[in-house]
Amino acid sequence: AYLDPGNIESDLQSGAKAGFKLLWVLLGATIIGLLLQRLAARLGVVTGMHLAEVCNRQYPTVPRIILWLMVELAIIGSDMQEVIGCAIAFNLLSVGRIPLWGGVLITIIDTFVFLFLDKYGLRKLEAFFGFLITIMAVSFGYEYVMVRPDQGELLKGMFLPHCEGCGPAQMEQAVGIVGAVIMPHNIYLHSALVKSRSIDRGNKKEVKEANKYYFIESTIALFISFLINVFVVAVFAEAFYEKTNIEVNAMCNASDSPHTDLFPLDNSRLQVDIYKGGVVLGCFFGPVALYIWAIGILAAGQSSTMTGTYSGQFVMEGFLNLRWSRFARVLLTRSIAIFPTLLVAVFQDVQHLTGMNDFLNVLQSMQLPFALIPILTFTSLTSIMNDFANGLVWKIGGGVVILVVCAINMHFVVVYVTSLSSVALYVLAGFLCIAYLCFVGYLVWHCLIALGVSCLDVSCLASRMLTGHNDIYLLKDMDSDTMVERLEEEHVGGVVINSDTVRS
């Protein structure tokens, strides 16, 4: 999920626009992603429920439905990016013989490939994921070795936070990196994947051990994804940073590339995307580099397609208690993703297809609060997490991280909207923004109460005075019998909390 086509496009644009200067942003975003994955895994291990199931139990009906719709939008947006990436890969591999719309249609096969593999068990599916990630590592690693980036500049860019000479374009790219790495459906997915292993949740030592090993597993996985992302950034930073269109045009002419017309004869800076990136590699380093790039993009699209499929399944089952067959669920979301992408592919060119990719990055950035705020809320509640609830450091640190990530992504959204230059769109965006901020404010309100700001929970002030539990406001949908067993023996100021008090 950290290596989808949207990530790869963000990487190559970062290298082409800012060289090695934004590698520290990629490193920071990956570390933040790891910490958020840790919270997601802990929720799943301790409770035996994934994030969507906990949201279903804890939030009232209307907020729960809105939250589900927002997360589904993020999943569909991610699925569309995967469709776009696969379509571009097929087009590059066939030297244009497979049109973009043909590549979009071929990706329908992904549905059946996934269902076929899933029938043979989790281990077979994990092996296939490993195979695709190996293809990405070999493909992008080959480009890295061939280009031979400056290792000193690479390490400086990775560990020395700076961006000398950066302007608005580079700052916008830095924001885009955070949005591409930290995606909302990853949090829901990871909280559910831990349920595939058998854990005795009644044994505190075993739960603690499981949390430790899931953290190690996540660290290894994200380290591998970080390396592959660095390969892409470094290749484009070394070979194409500060290159102009006229330089690339000349190289493509010299190599008899059929894509020379993509680069106008002017001195403006080279602008690349997944499609142009492959073409430019082919012009500078030969056709082999182009084909290997396309194979890597295809592997990224295929693997992230399946992670999106799993995310959608868990989200739908958790929020709605629906038990659709996997075939029906995959067919529905894949159809929603393919239809608009197919329309663009049929009636427009690849530039509009990659333009849609930018819009989808913005869409997913807007959905981030709907994963980050709930995961911090629920992992901070002792009523849900028992002894594994977030401590003060995690509460403060998590709150600051989520605030920063959401602020960065909101800046990204504002920059995108202001670039539209349409009064009607400004007005529409204004109305949507008000509704959006109101709902985010509602989630933040609940989160602050969970973090200990009990004065905000006016409706349950009396209950808290009796019980001393700041998180009692969220217990109405939990299993009351379980909560009675946990709380009825507690004493608050000499008063025993009885069953009736807890249920009320």
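Heads up, the Cβ atoms here are built off N, Cα and C, so glycines get one too.
Per TrEMBL, the features are:
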TRANSMEM  22-41  transmembrane segment
TRANSMEM  66-92  transmembrane segment
TRANSMEM  98-117  transmembrane segment
TRANSMEM  129-147  transmembrane segment
TRANSMEM  174-193  transmembrane segment
TRANSMEM  214-237  transmembrane segment
TRANSMEM  274-300  transmembrane segment
TRANSMEM  331-348  transmembrane segment
TRANSMEM  368-385  transmembrane segment
TRANSMEM  392-417  transmembrane segment
TRANSMEM  423-445  transmembrane segment
### Message
How about long-range neighbours of the transmembrane segment (368-385): same chain, 6 or more residues beyond its ends, C-beta under 8 Å?
### Response
36, 39-40, 42-43, 46-47, 51, 54-55, 58, 67, 70-71, 74, 179, 182-188, 191, 394-395, 398-399, 402, 405-406, 409, 440, 443-444, 446-447, 450-451, 469, 471-472, 474-475, 478, 483, 486
### Listed stretch, out of 98-117, 174-193, 214-237, 274-300, that has the most CB pairs under 8 angstroms to the transmembrane segment (392-417)
174-193
### Query
Considering only Cβ pairs under 8 Å, which range in 66-92, 129-147, 214-237, 274-300, 423-445 makes the most contacts with the transmembrane segment (174-193)?
66-92
### Message
Out of 129-147, 214-237, 423-445, what stretch is closest in contact terms to the transmembrane segment (22-41), meaning most Cβ pairs under 8 angstroms?
### Response
214-237
### Message
Let me check one thing: do the transmembrane segment (129-147) and the transmembrane segment (214-237) come into contact, meaning three or more Cβ pairs under 8 Å with sequence separation of at least 6?
### Response
yes
### Task
Quick one: find which recorded stretch in 214-237, 274-300, 423-445 has the most Cβ pairs under 8 Å with the transmembrane segment (66-92).
274-300
